[in-house]
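Asks: Heads up, here are the entries from TrEMBL:
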type	residues	note
DOMAIN	41-180	domain 'Lipocalin/cytosolic fatty-acid binding'
LIPID	CYS25	N-palmitoyl cysteine
LIPID	CYS25	S-diacylglycerol cysteine
SIGNAL	1-23	signal peptide
Amino acid sequence: MKNTHLFARTSVLAALVSTCLLAACQSNDDRGQPMQTVASVDLQRWQGTWHEVAMIPNRFQSQCVTNTTARYTQRDGYIEVLNSCSAKEGKTHQATGKASVVEGSQNTKLKVSFFWPFSGNYWVLALDPDYRWAVVGEPSRQYGWVLARDKQLSEQDWQKIWAAVTSAGYQTSQFRKTEQR
């Protein structure tokens, strides 16, 4: 009986925390500037493995210290997302989610869920013409990622990325580079 009450309280607490996080993800930017995405994304070209080369630190990735990747695979009616990273002790952590395209967005806005029924915004804010790197974020600007096909980028690429990050309403100081080995 005691375990049942503990489970119920834990479940309610988890639901409340998830709801608060989801609400934060869906809030508007404090400056009131609408966030702009790229014009369109070709999902065939988007598929495959991307290395996270920079990100805004967040709680749900706190165990990740190196080698963070995201693999996108088109399935029937959705995009499978497989996130992977190495933890401090060397263990690999993985999370599998589902992404759906927001209707009318030309594939630039996704709703991604790793724990149904909760989902978050995942917007492509900048994209290299050859799909070598991308800046991804969400309207509250609390979360953001820089993804790349290669583990290392040139200084010229970083200049373009930081300009795109700033243009999207983020501060570059929010981001930290992700170690890739």
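The backbone N, Cα and C atoms fix where each Cβ goes, glycine too.
No curator has checked TrEMBL annotations; they are predicted automatically.
Given the structure is predicted, the values throughout are model-derived calculations rather than measurements.
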Asks: Counting by DSSP, what is the helix, strand and coil composition of the domain 'Lipocalin/cytosolic fatty-acid binding' (41-180)?
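Replies: Each residue of the domain 'Lipocalin/cytosolic fatty-acid binding' (41-180) counted once, the result is 23 helix, 70 strand, 47 coil.
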Asks: Looking only at the domain 'Lipocalin/cytosolic fatty-acid binding' (41-180), report the model's average pLDDT.
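Replies: So the average pLDDT across the domain 'Lipocalin/cytosolic fatty-acid binding' (41-180) works out to 97.
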